[in-house]
Amino acid sequence: MTKTLAKILFTIYSLILIWIILFKLSFHPINFLINVNTRSLNLVPFALSGGRREVLLNVLIFVPFGVLLNMVGRKIPFLLKILIICAISFLFESLQYLLSIGASDVTDLITNSLGGLIGLSLYSIARKLGQERKVDRNIVVLGFIMIVLILIWIGRLFFRRIM
C-alpha cells in the first residue's frame, strides 16, 4: 500500500515540478507558449544565477525528487538514480531552451542535481536509522500533506489572477 501511495505521490510531484519549471506557474500553458519567447543559454556555472535564493530554491525543489525516486525505485542502483536525476534536470533545461520558454543555465543543472542527490542521501540515511516501514509511511504522509498545501497555494494563485 505504501509503495502504491509513493508512486502516486511521485507522479503528482513530477507534474507539479513540470508546471513550475516548464510552465512557470502559468494557468494557461498554450497562451504561455505563444507569448513567451525567451531563449538564453548560460554555460558558466554560477555566473548569471539569480542569487543565493534562486540557487537554494533550485536545490530544495529537487530534494523530494530524490527521496521519492529512492522510494519507488528501490531496486535501481544508486549511481543509476543519480544519472536519472541529472538526466531529468538536463531534460528540463534543454526543453526550456528548445521551446524558448526560459533560460537554460548550467547552474540550474548543477543545483537541481545536487538537490536530487541530497534527497537520495536523506532517504538512505533515514531508512538506515529508522524502521523502514515507518520511514516510508511517514514520508508518504508528509508528502501528501505537502501536496495539499501546494494545491491550496496553487488555488490562491489561480483565484488571485482571475479576480
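Cβ coordinates are placed from backbone N, Cα and C, and glycine is handled just like the others.
The following features are taken from TrEMBL:
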DOMAIN    10-126  domain 'VanZ-like'
TRANSMEM  12-34  transmembrane segment
TRANSMEM  55-72  transmembrane segment
TRANSMEM  78-99  transmembrane segment
TRANSMEM  106-126  transmembrane segment
TRANSMEM  138-159  transmembrane segment
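Only residues 6 or more beyond the boundaries of the transmembrane segment (55-72), in the same chain, are considered here, and those with a CB under 8 A from a CB of the stretch are 3, 6-7, 9-10, 13-14, 17, 20, 46, 49, 81, 84-85, 88-89, 107-108, 111-124, 136, 139-140, 143, 146. Non-local neighbours of the transmembrane segment (78-99) in the same chain are 21-22, 33, 39-41, 62, 65-66, 69-70, 105-106, 108-109, 112-113, 116-117, 120, 124; each lies 6+ residues outside the stretch with a CB under 8 Å from one of its CB atoms. Residues 2, 5-6, 9, 12-13, 16, 25, 27, 64, 67-68, 71, 123, 126 of the same chain, all 6+ positions outside the transmembrane segment (138-159), place their C-beta atoms under 8 angstroms from a C-beta of that stretch. Mapped onto DSSP classes, the domain 'VanZ-like' (10-126) shows 82 helix, 10 strand, 25 coil.
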